[in-house]
Amino acid sequence: MKSPAPSRPQKMALIPACIFLCFAALSVQAEETSVTPQPPDILLGPLFNDVQNAKLFPDQKTFAGAVPNSDPLMILADYRMQQNQSGFDLRHFVNVNFTLPKEGEKYVPPEGQSLREHIDGLWPILTRSTENTEKWDSLLPLPEPYVVPGGRFREVYYWDSYFTMLGLAESGHWDKVADMVANFAHEIDTYGHIPNGNRSYYLSRSQPPFFALMVELLAQHEGDAALKQYLPQMQKEYAYWMDGVENLQAGQQEKRVVKLQDGTLLNRYWDDRDTPRPESWVEDIATAKSNPNRPATEIYRDLRSAAASGWDFSSRWMDNPQQLNTLRTTSIVPVDLNSLMFKMEKILARASKAAGDNAMANQYETLANARQKGIEKYLWNDQQGWYADYDLKSHKVRNQLTAAALFPLYVNAAAKDRANKMATATKTHLLQPGGLNTTSVKSGQQWDAPNGWAPLQWVATEGLQNYGQKEVAMDISWHFLTNVQHTYDREKKLVEKYDVSTTGTGGGGGEYPLQDGFGWTNGVTLKMLDLICPKEQPCDNVPATRPLSESTTQPVKPKEAEPTL
């Protein structure tokens, strides 16, 4: 048996070092030149804890978004002085000292709108700005207007926005796409990264890194000028995700970076804090208390890191799918995250070349090639025949098939034969009458069966098309669009997630009621409508009968549901 060349790990380590050392200073500079706003649990200390534990509001996010009417230190001092007095009323104290978030206005669409007309009419309804942000507001100011998901949310979210922007582009709103890219670039320049959302309590983590793909989308309209303009911010974001890599030894992890024993560099999700999330304070405390065998701080970090993944929550992160307290997000190397990092490296190479820096472009290409090899080596389950996450504790690829397995196809990082196997696995295990299942496990969590989410439908559709698997790709689009149309026909809204075991039903689970709006569903629906309908005959609703495609000779109806575990 051939033994591995001893110099290979060192060589792999040296390749990125020159880039990471060049750009590490960029993220540090952003942190040093801005005063990072403190989240409400730090600003208000025991008052915040007491209000959340008292459950004064049905949604823990309400008080996390409340705006102090004066200096929080003064409010806290008043609270300490008054709290033990006879007749003290905590709710009254909160009402006097805080301005609570306003309920979002319920949008009643005009009657008789088609699906496309409904979505186009929603864009201005979902547009917000931070022009009137108060001094002590947890809402982080942004220079341009932005589109929120809808429903419960008053802030913009990172990875949601990419799929929303796909829809904005389809609707011809390139000005809004440009505004949102500018906002995210502003956050990178100000905070060193793009937070989960523009709230102070989201600053300790990011979300799936789609910024480079946003810039690439904008470049479809503005050309290479967009790539050159936002190259510095893309480099800063890359430095954030790779922060600490220059000092990593084989087998170690630091924040978001993982260095395996052979020197392979991959990434994981990570939150810099290990306390309950302000927006889910009581729930996180209860989850930690339910497992006394683990340190509470460890559970808090893994809960927060799962929120950073966008998949909050899923059996994907758990040892026991029925027990949230067994999640261990930080010891899992996700296949979707590393696919996005590969794509970021490829776009950085393209942008560097556009800027005339061929040497730097070659460096990023080298990093992308190394990561692609790492994905193929560590994130492919040969026994099962699909891509999966890598477990840092067992030092093995995990067995569970999830919709995240389609990300290597989405970014063109998959080997052709493996993409073909993924198509088979997708059709056999994940495709349902109402779209693509997130997993095949029923845990009660929202990122599990029977829920399907718009971004994952689009990633799968695009990924499979990239490898010539048009039939499965079109099956996913048709099934999901049918679900969206049936729900819209009944409820006159698009929702955050769908039950894909059938059609016409919104999804369940999660930490809050089902939301309507809905940014990323709007965007993906428009993209899929244009995919299934001929360009010469664009459709405003999902056709009653599936249009013929290259791979079909007659209209197809959705298949019957496959039993889930």
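Note: Cβ is positioned from N, Cα and C throughout, glycine not excepted.
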Using Swiss-Prot as the reference, determine which range in 269-295, 539-565 is annotated region 'Disordered'.
539-565
Across all chains shown, how many C-beta atoms besides its own are within 10 angstroms of the C-beta of GLN207 (substrate binding site)?
22
Given GLN207 (substrate binding site) and ASP312 (active site, proton donor/acceptor), what distance in Å do their CA atoms have, once rounded to a whole number?
11
To the nearest Å, how far is the Cα of ASP160 (substrate binding site) from the Cα of GLU496 (active site, proton donor/acceptor)?
10
Distance between GLU496 (active site, proton donor/acceptor) and PRO278 (substrate binding site) at the Cα atoms, whole Å?
22
In three-state DSSP terms, the structure that GLN207 (substrate binding site) belongs to:
coil
